[in-house]
Amino acid sequence: MARDRREGLEIKVVNPPAVTNNVSVETSPATATRRRRQQRASFAEFRPFKLWFPWLVPAIVVANIALFAISMFINNCPKNSAYCSARFLGRFAFQPMKENPLLGPSSLTLEKMGALDVSMVVHNHEVWRLFTCIWLHAGVFHVLANMLSLIFIGIRLEQEFGFVRIGLLYMISGFGGSLLSSLFNRAGISVGASGALFGLLGAMLSELLTNWTIYANKFAALLTLIFIIAINLAVGILPHVDNFAHLGGFTSGFLLGFVFLIRPQYGYFNQRNNPRGYAAPSAKSKHKPYQYVLWITSLMLLIAGYTAGLVVLLRGTDLNKHCSWCHYLSCIPTSLWSCKSQNVYCESSQIGQQMNLTCIANGKTEMYKLSNDIPSRVQQLCSQLCR
């Protein structure tokens, strides 16, 4: 999934020939050979870009795993299997059911820890959930898959661009994925870092485009990267996968790449590394005009998109009502699977020694007398009520 340290890409920085002031100087073959070796050694040691020590990405991985362990501990897993049997369904919504108790925490625990719940964002203005949900995961496979992808993608990017730019790119892309997800996925909760991961993929693509002049073998690298991105986005058409989070994160990262990952052009490096006395044919600016255009355009689109998205979200607008075909971006029904959600959701309230349970889908309400086994049977009772 990751681009392995610019595999297939070579920086095209070449030192100009030494200047002899138009005077022919005869040298012995041994001297000429020694000079060529010195020039090759100097070129081999020259690094146009600083390599950073990657510490932020490993820290993010550790934090995600630690938070997942905390969520499991809060559920008292695996002892309390009634609250630890959340079925992993993606980045994803998921539903509690009786399965492997080690699979993941309950939706109630994740909601308390900051999962993305659109109703709480809209009615309680808990916008912070757009950030916190990218640090939570629904199951063991979920957290392992995302963290392995983050290591393969993020380590190399942090080495090349530093922790500040990659950290901002990761967080803002994750926010963008959560924002687009909340505009279309109105029911249930959503957790996962895949929106931020798709942001890193999008930034890799825009970085290659905006720094086009400093790379060799660029077309092969571009086709390879586009193929990898297309395969990952295609997975999002499967049921229960929150592809809106993927698309929002990818779009955010693609635009952010033009802003954060811009690099000086090829001629600028040659100009800076000219030997003394060498007269450059013409001075080169640090960046090309198209890089400035992409930088300004991307920044304006990001600001406008995030502002409009937050306004629409906080007004409680469901974009599915204004876009009849948009749901196909997240799931395409086939003969092999259905895109209809099989999750059921209920609201509960306690009145004295009784619990009132209301099915959100059909509005049915039922009163239950509280007992020791009621907490473990809430999902079962909810499923019966929503039939």
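Glycine residues also receive a Cβ, built from the backbone N, Cα and C atoms like all the rest.
Predicted automatically and left uncurated, TrEMBL annotations should be read as such.
These features come from TrEMBL:
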TRANSMEM  52-74  transmembrane segment
DOMAIN    125-261  domain 'Peptidase S54 rhomboid'
TRANSMEM  134-155  transmembrane segment
TRANSMEM  162-181  transmembrane segment
TRANSMEM  187-207  transmembrane segment
TRANSMEM  219-238  transmembrane segment
TRANSMEM  244-262  transmembrane segment
TRANSMEM  292-314  transmembrane segment
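Each of 134-155, 162-181, 244-262 was scored by its Cβ pairs under 8 Å to the transmembrane segment (292-314), and the highest score goes to 244-262. With a cut-off of 8 Å on Cβ pairs spaced 6 or more residues apart, the transmembrane segment (244-262) and the transmembrane segment (52-74) reach fewer than 3 such pairs and are scored as not touching.
Residue counts for the domain 'Peptidase S54 rhomboid' (125-261) under DSSP, helix first, then strand, then coil, are 109 helix, 4 strand, 24 coil. Sequence-distant contacts of the transmembrane segment (187-207), counting only residues of its own chain at least 6 positions beyond either end whose CB sits under 8 Å from a CB of the stretch, comprise 1, 3, 64, 90-95, 107, 110-111, 115-118, 133-138, 142, 146-147, 149-150, 153-154, 157, 166, 169-174, 176-178, 181, 222, 225-226, 228-229, 232-233, 242, 245-258, 260-261, 263, 294, 298, 341, 343, 345, 360. Listed as Cβ neighbours of the transmembrane segment (52-74) (distance under 8 Å, sequence separation of 6 or more from its ends, same chain) are residues 84, 104-105, 109-110, 112-113, 135-137, 140, 143, 146-147, 150-151, 154-155, 157-163, 166-167, 170, 193.
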